[in-house]
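To start, the structure itself, in structure tokens.
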Amino acid sequence: MRIGHGYDVHPLVAGRDLILGGVKIPHGKGLHGHSDADVLIHAICDACLGAAGLGDIGRHFPDTDPQYKNIDSRKLLRKVKEAIAGRGWKIANIDSTIVAQAPRLATHLPQMAQNIAADLGISLDSVNVKATTTEKLGFAGREEGIAAHAVVLLENR
Ligand SMILES: Nc1ccn([C@@H]2O[C@H](COP(=O)(O)O)[C@@H](O)[C@H]2O)c(=O)n1
Ligand SMILES: C[C@@]1(CO)OP(=O)(O)OP(=O)(O)OC[C@H]1O
């Protein structure tokens, strides 16, 4: 068994869609990034790569590479799944937290978990997605950006 941790942050800006866990969420602003900036998926990718000892998302998908411009991060997650499977690992479970003052995310969390479970080929009850505000403190509290944390446990295939 191996454990991994992932953390990511993207700034909130006007003129971008807000995509979290592969769900497009109505909001006045979206996350800025080279890809679709899906901060939750990025944190999960990093947790998986970390657990497998495979570095991080930027090493596998450089933000200088035009092929990843505005890419759907779910495609990156599916590539990460193949990379860890190639090392003989499968995912036992994932826990994750999105840190966002706004918008309210509770009604979208089940669909995010479904997307992630589908991309990783694991059961829905192996994926947990939570959300928290920071009670208006810090960059997330000022709605300047959104962060996500993830931990993943890998087991032998
Ligand atoms: N953007 C968010 C943040 C949180 N929630 C839900 O609110 C509940 C409590 O949040 P705290 O900030 O007090 O920890 C919790 O159930 C979160 O899922 C949300 O829907 N959207
Ligand atoms: C995903 C990648 C690649 O498009 O770009 P960003 O969307 O900027 O995201 P980041 O969290 O900085 O992770 C690594 C990148 O290389």
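Going from the start of the chain as shown, residues are counted 1 onward.
Heads up, the Cβ atoms here are built off N, Cα and C, so glycines get one too.
Note that this is a predicted model, so its numbers are computed, not measured.
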In TrEMBL, the divalent metal cation site includes Asp8, His10. Which of His42, His60, His108 does it also list there?
His42
Model confidence over the domain '2-C-methyl-D-erythritol 2,4-cyclodiphosphate synthase' (1-154), averaged pLDDT:
98
Mind running the recorded positions Asp8, His34, His42, Ile57, Thr133, Arg142 against ligand 2 and keeping the ones whose CB falls under 6 Å of it?
Asp8, His34, His42, Ile57
Fewest other Cβ within 10 angstroms of its own Cβ, chosen from the binding-site residues Asp8, Asp65:
Asp65
Name the residues of the same chain, 6+ apart in sequence, whose Cβ is under 8 Å from the Cβ of His10 (divalent metal cation binding site)?
Leu31, His32, Gly33, Ala37, Val39, His42, Gly145, Ile146
